[in-house]
Amino acid sequence: MAPRAEKKPAEKKTAAERPVEENKAAEKAPAEKKPKAGKKLPPKEAGDKKKKRSKKNVETYKIYIFKVLKQVHPDIGISSKAMGIMNSFINDIFEKLAQESSKLARYNKKPTITSREIQTAVRLVLPGELAKHAVSEGTKAVTKFTSS
């Protein structure tokens, strides 16, 4: 067997005796914790300017309701409250038509909703004379769309 080497106790060196690399490491400031990825601090110079908030695009039928109103009664206006009610009314009607046409497509085991399902849904959802006018206007709009 090989003889064991004697272990010498490590001598503690003073700050002056330590190598230059260790002194450089000691001169550095303590390591700062990095902020989490989600919490970035804005630069100091940008703190003076206020950040513009992006608006959510809320789609409404207000401009179209107003155009139809001016076609029918050019001299009459509409309040914002009444406009909100009309917008809600149109959203509700479209929701009912979409649900009904979806049911019709499902009953017929069709994967798509065509103009035929929409037309049948209009006849089922809207009453009497209103359904007839809606169907005729819808057919007119579809033929105009396909011809152009």
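Here the Cβ of each residue, glycine as well, is placed from N, Cα and C on the backbone.
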Annotation ubiquitin cross-link in Swiss-Prot: match it to one of Lys36, Lys44, Lys144, please.
Lys144
Per Swiss-Prot, the candidate from Lys39, Lys50, Lys56 carrying the annotation N6-acetyllysine:
Lys39
Can you name the residues of this chain that are 6 or more positions from Lys144 (ubiquitin cross-link) yet have a C-beta less than 8 Å from its C-beta?
none
